[in-house]
Amino acid sequence: MPDYAMPGQGLIGGLMIGVAAAIMLLGAGRIAGVSGMAARAIGLGGGAPRTLALTFIIGLPLGAALVAWAAGPILSRFPMSMATLAVAGLVVGIGTRLGSGCTSGHGVCGMSRLSKRSIVATFTFMATGFVTVAIVNAVGGGW
Amino acid sequence: MRGVIGLASGLLFGAGLAVSGMLDPLRVRSFLDLFGAWDPTLAFVMGGAMIPMAIAWLIQRRMAAPVADAHFHLPDTDPITPRLVGGSALFGIGWGLGGLCPGPALAAFAINPPAAAIFTAAMAVGFAIVWALDRPSGPRTPVHA
């Protein structure tokens, strides 16, 4: 395990995310999928009641802000280029809607349900993620 | 009630992302950098998140309805379609490029609002494109997880 890895914090944060998704499932009967909820919240998707989607989406930065307030600054290294951010965001937006989910909906909720669609989706986006980073590195693309 | 559930779930989700280091796009990218300085943290996050969710699915099977709705609204687990695979493949490309998926991008508004705003605005354009493409073709495509 490399020294920069954070297995303990990863596991604790992961458990929190899992409990959050469980609250959504057992409380509201919905998948805590961020791409779907975000699209719904801004009127670009169907599914969950608007209030549920909006409060969930607003909760995300509030939760992060609470952690920053309680525990101090959160390390966050973004890509240097605005163009990279914009292209990445656009591709993520199109891909998650076509693919009906992202890391949360497919990766966490669907995989733990043993959903065939989610397992295929998760393996697919992991695979293209690995390949994309390898290609960017190979052509000398920076961060 | 819905608002309380949404907010509680979102708050805990965002806090979990912050605690686990997932609001650091470079760390996420490093998980995807299999042949470089690989960072396995994301695997612990996903594994950790699946534990409560696996239990929740077991409980869900024994519940007639969720606490605050008359029914569960769950996506299909089948079939595997070109749209599912193609969309997921695209998502992975964007994820690798920016080190960001939708959850961390939104939660990052608390830390780096300008960068989060650029990514999220572009993502919303992507949502709008698919929404527009889906619209004219009769009945809406069901929304899967």
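Note that Cβ sites are derived from N, Cα and C of the backbone, with glycine treated the same way.
Per TrEMBL, these features apply:
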TRANSMEM  A:12-32  transmembrane segment
TRANSMEM  A:52-72  transmembrane segment
TRANSMEM  A:78-98  transmembrane segment
TRANSMEM  A:119-140  transmembrane segment
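The transmembrane segment (A:52-72) shares more Cβ pairs under 8 Å with A:12-32 than with any other stretch in the list A:12-32, A:78-98, A:119-140. Outside the transmembrane segment (A:12-32), and at least 6 residues removed from its termini, the chain residues within Cβ reach (under 8 Å) are 47-48, 52, 56, 101, 104-105, 108-110, 112.
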